[in-house]
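If you check Swiss-Prot, you get these features:
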type    : residues : note
BINDING : His58    : O2 binding site
BINDING : His87    : heme b binding site
DOMAIN  : 1-141    : domain 'Globin'
MOD_RES : Ser3     : phosphoserine
MOD_RES : Lys7     : N6-succinyllysine
MOD_RES : Thr8     : phosphothreonine
MOD_RES : Lys11    : N6-succinyllysine
MOD_RES : Lys16    : N6-succinyllysine
MOD_RES : Lys16    : N6-acetyllysine
MOD_RES : Tyr24    : phosphotyrosine
MOD_RES : Lys40    : N6-succinyllysine
MOD_RES : Ser49    : phosphoserine
MOD_RES : Ser102   : phosphoserine
MOD_RES : Thr134   : phosphothreonine
MOD_RES : Ser138   : phosphoserine
Amino acid sequence: VLSPADKTNVKATWDKIGGHAGEYGGEALERTFTAFPTTKTYFPHFDLSHGSAQVKAHGKKVADALTTAVAHMDDLPGALSALSDLHAHKLRVDPVNFKLLSHCLLVTLACHHPADFTPAVHASLDKFFSAVSTVLTSKYR
């Protein structure tokens, strides 16, 4: 459960990210494919090379979904219901991949905003990404 302090940290961090969210989403997705090659199996139709326009575009979709989640932290299940259905029923993404991408998102944000990435902010973002992952995998059961 996200505390009021967690929500404040997440919103403040997302505000600082601003227009870079799509760029960071693409970078985190590319990092995920590099660090965890098994995640590539869900994207056989993508050019997965460094700097790929397809990876960047999908990373922007990830970032846009997270921006929606930040705006609706008090109702993540409602805000992410359609994405949960898509990933559970149509795409059948292995739930572990959300944890892997979350880790790569944390690394990417820490690289770009080291001064802002305090232990408290790290913990809040980790809890937030975990909450988003839980919602996205909730319809698997």
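Heads up, residue numbers simply count up from 1 along the chain you see.
Any Cβ shown, glycine's included, is placed from N, Cα and C.
Shown here: features listed in Swiss-Prot, placed on the structure.
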residue : record              : DSSP (3 states)
Ser3    : phosphoserine       : coil
Thr8    : phosphothreonine    : helix
Lys16   : N6-succinyllysine   : helix
Ser49   : phosphoserine       : coil
His58   : O2 binding site     : helix
His87   : heme b binding site : helix
Thr134  : phosphothreonine    : helix
Return one of helix, strand or coil for Lys40 (N6-succinyllysine), based on DSSP.
helix
Can you tell me the CA-to-CA distance separating His58 (O2 binding site) and His87 (heme b binding site), as a whole number of Å?
14
Just give me the nearest neighbour of the residue listed as 'heme b binding site' among the modified residues Ser3, Tyr24, Ser49, Cα to Cα.
Tyr24
Taking Cα atoms as reference points, which of the modified residues Lys11, Lys16, Ser102 is nearest to Ser49 (phosphoserine)?
Ser102
Roughly how many Å separate the Cα of Ser102 (phosphoserine) from that of Lys7 (N6-succinyllysine), to the nearest whole number?
17
For the modified residues Ser3, Thr8, Ser102, Ser138, which one has its C-beta crowded by the most other C-beta atoms within 10 angstroms?
Ser102
Take the C-alpha atoms of Lys16 (N6-succinyllysine) and Thr8 (phosphothreonine) and report the distance between them in angstrom, rounded.
12
Give me the CA-CA distance between Tyr24 (phosphotyrosine) and Lys7 (N6-succinyllysine), in Å, as a whole number.
20
For Lys11 (N6-succinyllysine), list the number of other Cβ atoms lying within 10 Å of its Cβ atom.
15
I'd like the number of other C-beta atoms within 10 A of the C-beta of Tyr24 (phosphotyrosine), please.
21
Candidate modified residues Ser3, Thr8, Lys11, Thr134, pick with smallest Cα gap to Lys40 (N6-succinyllysine):
Thr134
Would you pick out, from the modified residues Ser49, Thr134, the residue whose Cβ has the largest number of other Cβ atoms within 10 Å?
Thr134
